[in-house]
C-alpha cells in the first residue's frame, strides 16, 4: 500500500473511531449516571498517561518542556483552556443533547479559526472562506432550530456548551503550535491531558464511589480511553503526516457522520431532515476551508 493510501486510511479510521468515542461516552453516562466532569477526569488522566508513556518509549525527552518556566506556563494554559475545556464542554454537550449533535457543533471550530485570523490580521477572506462561514452559520441554524427561528430543537444549555466546545477546539488547535514544533506532539498533548485530569481530581474523585462498575462499563471505558482517544490520536497524526493537513481535514468529516449513524444504530437517536442538512452544510464548510488552505499552499 502506498504512503498516500495508507495515510488516507489512517485518517479515515481515526475519524470513525473519534465519532464512535462520543457515542461510547454517551452510553457510559446514560448507563452509569456518571457526570460529564468525572468522565472527563478519567478520560484525560488515563489517555494522558498512555500518550506520555508512549512518547517516552518513542525516545522523546518528555520532561524537557517542564524545565522551561515559560513553556511550562504555556503548557498549563493549554492544559486548562485547551485539553480540559475541549473535553469537558464536548461531554457536557452530549449530556445535554446527544453525541451526534455535540460532534457536529464542535466542527464549527475551523470556521471560528479562519474568522478569527481574518479579524486579527485585518485581511479580507477569500470567496471560499466567506462561503464556508456562511454555510456553517446556515448549517448551525438548521441544526439548532430545524428552520424555525422562534424555537430551539435542542436545549439552550446544549447550544451553549456546543458553541463553547467549538471555541475550545479552535483554541486547542491553534495555541500549542510553537510548543509542538519544539517538543513534539505526543509530549505536549500527553502532558496537557494528564494535567487537565489532575486539575479535576480533587473535585470529582469522590464520585467514583457513587455508581456500580459492571463488565460492560469497564469495556466501554477501555474503548473510550485506549481506542477512542489514544489509538485514534496516534492514527490521525500518522495519517496527517503522510497526506498533509488539508486532506486530513476533509477526511475527518467522516467523524460526525459516523457519530450520527452509530447514534441511530446503537442508541436509537434519529436525525431529521433539517439535522442532516445542517450537518452537511457544516461539513461542507470544513471542506471549503481545507480547499482554500490547499490553494494558498500551492500559490506560495
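Cβ coordinates are placed from backbone N, Cα and C, and glycine is handled just like the others.
According to the topological domains annotated in Swiss-Prot, residue 30 and residue 97 fall on the same side of the membrane. Through the fold, the transmembrane segment (125-145) approaches residues 101, 104-105, 108, 110-111, 114-115, 118, 151-154, 159, 274-275, 277-282, 284-286, 288-289, 291-292, 295 of its own chain, all at least 6 residues removed from its boundaries and within a Cβ separation under 8 Å. Taking every recorded stretch in 8-28, 46-66, 100-120, 185-205, 264-284 and counting its Cβ pairs under 8 Å to the transmembrane segment (72-92), the highest total belongs to 185-205.
Per DSSP, the topological domain 'Cytoplasmic' (29-45) is made up of 14 helix, 0 strand, 3 coil. Of the candidate ranges 8-28, 100-120, 152-172, 185-205, 217-237, 100-120 has the most C-beta pairs within less than 8 angstroms of the transmembrane segment (264-284).
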